[in-house]
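Quick notes on the structure that follows.
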Amino acid sequence: MNTAAPALSHSLLAAASAIAGVESGQSLTEALAELPSNVRPSAQALSFFAMRNWGLAMGLRHTLVEREPPNATLNALVGLSLLLLETSVRAGEQTPAAGTPVYTAHALVDQAVEATQLQRSTASFKGLVNAVLRRFQRERQAVLADTADAPEVRFNHARWWIDALRKAYPEQWERLLDAANAHPPLTLRVNVRATSREAVIQAFAHEQIGSTAFGEAGIVLDVPRPVTTLPGYAQGWWSVQDAGAQLAAPLLEVRDGMRVLDACAAPGGKTAHLLELADVELTALDVDPARMARVEQNLERLRLLSPKVRLVAESATRAHLWWDGKPFDVVLADLPCTASGIVSRHPDIRWLRRESDVQQTVKLQREILDSLWSMVAPGGKLLLATCSIFPQEGEMQAESFSKRHVQAQRLPAPGQLLPSRPDAEHPAGHDGFFYALFTRRMQA
Ligand SMILES: C[S@@+](CC[C@H](N)C(=O)[O-])C[C@H]1O[C@@H](n2cnc3c(N)ncnc32)[C@H](O)[C@@H]1O
């Protein structure tokens, strides 16, 4: 059990401000990057835990404070403190899941109240935070009973998201929400240019790290751990990649000498996979220069940079700025999307997205796809990929693409992959993805 560290008040306030950042449209990673480095690690642990359980946090806050607190940091601080108080009390009743932050109730209340004093915008709400937390301590069972039935609490997702999944998947929506709430396994893809899967599994076993092979080049660890502590990280023996994402590159059947475009490449997971599969001439493109820098770092670590690899920080919709007019044999369109299929790995996404984001994303995807299609050689292939489970970004997008482009012939591909947890048959499970493969018909 953690006893109150002197800095807990600082960590609570920092985590609350990062969570408030998510409320205002920043990803949690972006919001955490803005924090002072001394509080970042503890705020990261608290805020990730909070995002995994934010339905309960906000449910308790709604039950105990009917009117929305006047600023987002205060709202997040109240929610976070209530959540931590509940999980700490619960930890005394049953063993908590690994990684659950646990405090003594007295210390937590004390530090939460102290946290309000650290910032001018929250300082006048010391009494409110104190009163709310103490009332929860007194009336816990009744408050939990009043809170538990709300769909946001039961399923731990925003209401519009729950409704959207219920509509799209009337039979499976509850299973999908539960899968998003589970902790994902740590899955790797072996860099077969650098080593073999057997050699990596043996190197892990040598350090008592249990792992299992899956798919063509995948390994799933028995127990997740920090990736930089695994053998072979610096040597580029493997990349972290979900089992579902590992299906993308092989679908394109790249062969030596092909001209390949990876049009939405960052951070480079599938770029690296394509380069591991064949000796191709590859252009990796991403509109975000900072994310493009990560592609370079990743390819460098994997020893995959070469004169045949071109990295371009530009938009796929502005081809005239970077395309030489020579068609590509293969185009990977791993489109920007709501990321609704990878919530178990990015727990902030379900709170970050707004319902209107879906239509906006669909429009951007359509523009990117139409621009890319003009670059596909006759007989060449384009893979439409997203990590979403909303049909608008998947099957509906693929059908509308087919209607706009009569030369596009659909080829077999997995279509909508719904997230699944590991089981005996699929030891790695997988996130939610959509894949549609097209070839450009040869001219008659
Ligand atoms: C799903 S991520 C790609 C993941 C990547 N393929 C991988 O496997 O690691 C989508 C990417 O599309 C990029 N993007 C968004 N709009 C774009 C555009 N107009 N042109 C090119 N890239 C774009 C984003 O910056 C983001 O990095």
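Cβ coordinates come from backbone N, Cα and C, glycine included.
Keep in mind that TrEMBL annotations are predicted by a computer and have not been checked by a curator.
The active site, nucleophile feature in TrEMBL is assigned to CYS387. The S-adenosyl-L-methionine binding site annotation in TrEMBL covers CYS264, ALA265, ALA266, PRO267, GLY268, GLY269, LYS270, ASP286, ASP334. Annotation source TrEMBL lists domain 'SAM-dependent MTase RsmB/NOP-type' at 176-441. As annotated by TrEMBL, domain 'Ig-like' applies to 307-353. The annotation signal peptide is assigned in TrEMBL to 1-20.
Annotation note: LYS270 (S-adenosyl-L-methionine binding site) sits in a helical segment as assigned by DSSP. On the 0 to 100 pLDDT scale, the model's mean across the domain 'SAM-dependent MTase RsmB/NOP-type' (176-441) is 97.
Taking the recorded positions ALA266, CYS387 in turn and counting surrounding C-beta atoms within 10 angstroms, the largest count is reached at CYS387. Residue counts for the domain 'Ig-like' (307-353) by DSSP state, with H, G and I taken as helix and E and B as strand, are 7 helix, 12 strand, 28 coil.
The two recorded residues, ALA266 (S-adenosyl-L-methionine binding site) and CYS387 (active site, nucleophile), have Cα atoms 14 Å apart.
The two recorded residues, CYS387 (active site, nucleophile) and CYS264 (S-adenosyl-L-methionine binding site), show a Cα separation of 13 Å.
One way to see the shell of the S-adenosyl-L-methionine site is to take the Cβ centroid of CYS264, ALA265, ALA266, PRO267, GLY268, GLY269, LYS270, ASP286, ASP334; the remaining same-chain residues with a Cβ within 8 Å of it are ASP262, THR271, ALA284, ARG291, VAL295. Secondary structure at CYS264 (S-adenosyl-L-methionine binding site), as computed by DSSP, is coil. DSSP assigns CYS387 (active site, nucleophile) to coil in the three-state reduction, outside any helix or strand.
Of all Cβ atoms in the protein chains displayed, 24 besides its own lie within 10 Å of the Cβ of ASP334 (S-adenosyl-L-methionine binding site). Spanning the residues CYS264, ALA265, ALA266, PRO267, GLY268, GLY269, LYS270, ASP286, ASP334 that the record associates with binding S-adenosyl-L-methionine, the maximal Cα-Cα distance equals 13 Å.
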